[in-house]
Structures are given as structure tokens and as C-alpha cells.
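As recorded in Swiss-Prot, the features of this protein are as follows:
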- Arg240: active site (ACT_SITE)
- Glu269: active site (ACT_SITE)
- His288: active site, proton donor (ACT_SITE)
- Arg160, Ile161, Asp180, Cys211, Pro212, Asn238, Ser239, Arg240, Asp264: NAD(+) binding site (BINDING)
Amino acid sequence: MKIVVLDGYCLNPGDLDWKGLEALGECIVYDRTSLTDMEEVISRIGDADIVYTNKTPMPREVFEKCPNIRFVGVLATGYNVVDVNTAKEKGIPVANIPTYGTASVGQFAIALLLEICHHVGHHNQVVHEGKWESNPDWCFWDYPLIELDGKNMGIIGYGRIGQATGKIAQALGMKVLAYDAYKNPALENENCRYVELDELLSQSDVIALHCPLFPETEGIVNKENIAKMKDGVIILNNSRGPLIVEQDLVDALNSGKVAAAGLDVVSTEPIKGDNPLLGAKNCIITPHISWAPKESRKRLMDIAVNNLEEFLKGSPVNVVNK
């Protein structure tokens, strides 16, 4: 059995191994494969039985020209890079990795928030540059600092990751306002309740995006919805970049309507030099690393191997195109 991994570098830049897949068949791992040249994708898959992809597209053309494919594993939770309908037509299961990064992504959302509230990186830098040593007072701060206790955290998308973020927010003394199409009353308590979107927008001091990217959520942070928000709101996004209309957020940051934003995702990745967010006020941008702690990546690898093992046993799991 031949296994091809089209783009394995981000998952395993060298601190993990591929032994789990190698034990199941001949395994060829490419660090990267073209996102646009489908001939390269097709050539690399060749006569493989099993294909793993993270961000490399697999449209209909790939399935048509690679007839040996029996199983596709997506090395991520999102699977929009694979034409799952064509795969289903051909009887090919596509399996994703649904829960590997819950804790890491929730933790990172709060890390963005705490950096916005305390400017730890900036103050560390200026201390090392000598500003504290030369200061006439025993302490100083270059930016206003924010206490979160008692403030409202609005979370759009209250699935596993939204709940993980909400749990930490509640531990910091925040009250969670959750918006989700599917409500679980068991999650409600004195510090967490479900609300409609307009109430979340108008009552939240911090808004975190943890919803999937669907047509109905694309651009959910736009000028119309920003106008409904509190003045000085903080916006966090480590879900999907296109949830935000970036120019609308830039305008709101520069006007002060939005006090700050913490973003681990943008509309086009890697970010382009002309992205207006790069020039916006009070905008922290990190390079899509919420998912990337070694513990999280090891969990992803283990689930990816298990997905294939279960398929080979005849009982596939985490299939997204049943």
C-alpha cells in the first residue's frame, strides 16, 4: 500500500516522526506541494492508495487522474481543500482531525487577549532597552492596562474551542455571552448564557470568533455589525480569516471604535504585503500558530494514523463525506 503526504512540513518540521504511517505502508512525505499546479499534485500522488493533505487542494481533476486513491486524510479540522463530493461519488472516504487543537487554540485566543490587555512584549522590550533604568519612578506603563474581571466575553461559535476559550475567560472572572446555532443548556450557568447575535455584539467588551467558515458566517465582522458593538471593543480571531471584512476592521481600528484586535488568521495566508491590517492601529497579527504546540501536533499525528488504521479495518472514523 502506497501512502503519500503532500504537505507534511508544518505538521512535522522535524520534531515528530512518521513512524505510525510508515508502519502501515510505503510512505512518501513531501514538505510542500504546489497549491496551484495540479499537474504537480497529480504527479506526486501517482498510483498512491492513501493521500494526506493539509492545505494542498484536491479538486475533481485530481480524483479523475489518480484512480487508485482509496482514502484521503486531511491533516486539519477544516477540509474545504478537498472536493468531498467527488470523493463521495467515487466511494472514497475523506477523514479529518476534529478535536486535536481544542486546548491549544482556546489558550492562544486568551494569549492574544492578555497581550492586548497588558502589552507584555512591548514592556519587556523597553525595559531591555533601558527605559526602566532611566525612569524617575519605580514603575511606568506606556499604554493603558486592562483588567478583565467582570467584563463580558462574547464568543461567536460555542463548540469545543469556543467552550475552551469560555472556560478560561470565566476563570479570569469574565462573563460569557455565547452565540451558536446549536445550544446546549447544560453549559449555561451564572457566568455563561446563550444570547442572540445582536445582544452579543452590543453587550460584549471582548468578541472572540470560534465559528466555522460557512457562507452565513463569512464576513460576520463587517461595518454593519461593528456599528452595533460597544465603543472600545476588542476583537479576537484565531478561527478563519474570511470571517472578518478586513478593510472594515481596519477602519474601525483606526477610528478607535475597535480598541484592538488580536488575529492569528487572515484572509490570504501567508499574509500579503498589501494587506491593510499591517498598517492598522493596535492590531496584533501572528502567523496562524494557535494549533502548533508540539503536544497538539502530536495529537493530530496520532489521530491521522488512527483514522487510517480504522479505515483499513473496515470501520472508518471522522469521515466528513458519508
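Glycine is treated like the rest: Cβ placed from N, Cα and C.
His288 (active site, proton donor) sits 5 Å from Asp264 (NAD(+) binding site), counting Cα to Cα. Following the DSSP three-state reduction, the secondary structure of Ser239 (NAD(+) binding site) is coil. Highest Cβ count within 10 Å among the recorded positions Arg160, Arg240, His288: Arg240.
Listed in sequence order, Gly78, Gly157, Ser239, Arg240 are the same-chain residues at least 6 apart in sequence whose CB falls under 8 Å from the CB of Pro212 (NAD(+) binding site). In the structure shown, across all protein chains, Asp264 is the one of the recorded positions Asp180, Asp264, Glu269 with the greatest number of other Cβ atoms within 10 Å. For Ser239 (NAD(+) binding site), the Cβ neighbour count at a 10 Å cut-off comes to 25, with all displayed protein chains included. Cα-Cα distance from Asp180 (NAD(+) binding site) to Glu269 (active site): 27 Å (rounded to the nearest whole number).
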